[in-house]
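Novice: Dumping what Swiss-Prot says about this protein:
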- 28-48: transmembrane segment (TRANSMEM)
- 32-323: domain 'ABC transmembrane type-1' (DOMAIN)
- 84-104: transmembrane segment (TRANSMEM)
- 158-178: transmembrane segment (TRANSMEM)
- 180-200: transmembrane segment (TRANSMEM)
- 268-288: transmembrane segment (TRANSMEM)
- 355-591: domain 'ABC transporter' (DOMAIN)
- 389, 390, 391, 392, 393, 394, 395, 396: ATP binding site (BINDING)
């Protein structure tokens, strides 16, 4: 492969890293305090080497004084001074260690929190197409796994760079002060170390990206299996899911091992280089000892012996940084995604509910086939419009365009005479309620599931009234804690009919003038279907309703039926008119339109 992109890659890495460090700005005071702690810690390393000089010299003359020219200390002999200094150095080092480790941990944990919140908040404003193109496992993995790796680069790596870097600087300064000629031998190995670090960094970065993708796959498979555990058990999919998860986990393990192998080879090679330089240095110290005292030689060798550990840790930090940079790339990629387009300025307290669609066409982003083509119709306030057609005819897509989950390419959608693009997005969605066949409930109480989002804080009386109108209160009152009963993840503790009635109660409490209804009840028992039909009749009263219709009983009551086929409106009229026309609708009716499983109208 050509190596020309390297400078750009280097610049990109620096750009990502500096952007990552920008998240530390709110904690700069705490961060500086941690740096002070690491400076204190690093300063003790040459002190420990220096104290050995006085200890060795004191063996031959314990009554010698340590500070002959300092008032009040000129009588302090080595016998008392050396033990006292060791205790003071240890206390000084402990203070530095506490300040550095505690306050950097505080910065690190705050950074984890900030990045996770930023990622989660971004998810809430991203357009639908983003979720269409990214599986949930990878999105969750970014918030959990990737963020942890990133904070390692932003804080843990800095800890090593500052603490061990300053240790190396202080030790080198001490060695130069003692014998600068010999110290140049140690300096000679630095270019070799730099080359090794550069080569290893590229490998770590590449392998880290692969590990993150593999970890996302593990999360995705586990998430899918847990969410669909009933289907897995019903269709005997245990063996298949075990195999799928095992393959994803094994792939992640293999990639982790490759990175470990790289690090395991890199560290001993680096140590060999460092200790070879140490061997040469010791030979020269013994060969060229000159007029140095035994204490001088011991102090010099000790200081030189303290160098390999921080140098090795500095070189190994490259792995942490590259892992973090790989994670940061994916995080910033999500944070840089454009949010939902919201350029509208119109806000209305309440609309009448007149819906007009003019020459509407739509193509999903990244595809070429037109899903909707030249659709036009008008729904007057309070009217019910039924959308009928085979699966894939574009009914659900049309319904998704009204609350602007997607943006149409051509034509107009007007609510009370105003193009929906001109409404502020949040205001537009306040005027629209949706009840779909895929009910979403949260792991919370019945009351909080009905009064969700903007409805939170609604009076209990209003919540109970909405539940009563949705024919839900009768079963809610039988629950252990009534409206304060937890419903489990996605309402798992409730039946399908009960979940749908809570969704209808939510729509009733919202009291929006425009209702979009996917009226699927084919999976319910007769009693549940009867209750839900009564609830739906109630929720549609006085509201403009767009129904993706499945049953004949609903269609017969519609003010207008729109028959769709391959993204086009092929027929429109009332039930009687369309039967008389003997066209698409009549054929669907003959197939048993009141039987969704046969008609496959979704």
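Even glycines carry a Cβ here, placed using N, Cα and C.
Show me how these features fit into the shown structure, please.
Specialist: Residues 85, 89, 92-93, 95-104, 106-107, 159, 162-167, 169-171, 173-174, 302-303, 306 of the same chain, all 6+ positions outside the transmembrane segment (28-48), place their C-beta atoms under 8 angstroms from a C-beta of that stretch.
Within the chain carrying the transmembrane segment (84-104), a Cβ under 8 angstroms from the stretch's Cβ atoms is held by residues 30-31, 33-44, 47-48, 51, 54, 66, 155-156, 158-159, 162-163, all 6 or more beyond its ends.
Listed by sequence, the residues of this chain that lie at least six past the ends of the transmembrane segment (158-178) yet keep a Cβ under 8 A from its Cβ atoms are 34-35, 38-39, 41-43, 45-46, 49-50, 100-101, 104, 186-187, 296, 299-300, 303-304, 306-307, 309-311, 313-314, 316-317, 320.
Packing around residue 396 (ATP binding site) is summarised by its Cβ count: 17 other Cβ atoms lie within 10 angstroms of its Cβ, all protein chains included.
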Novice: Name the residue among the binding-site residues 392, 394 whose Cβ has the smallest number of other Cβ atoms within 10 Å.
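Specialist: If we count Cβ atoms within 10 Å for the binding-site residues 392, 394, the smallest count is at 392.
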Novice: Let me know the DSSP-derived helix, strand or coil state of residue 396 (ATP binding site), please.
Specialist: helix
Novice: Around residue 393 (ATP binding site), how many other C-beta atoms are within 10 angstroms of its C-beta?
Specialist: 24
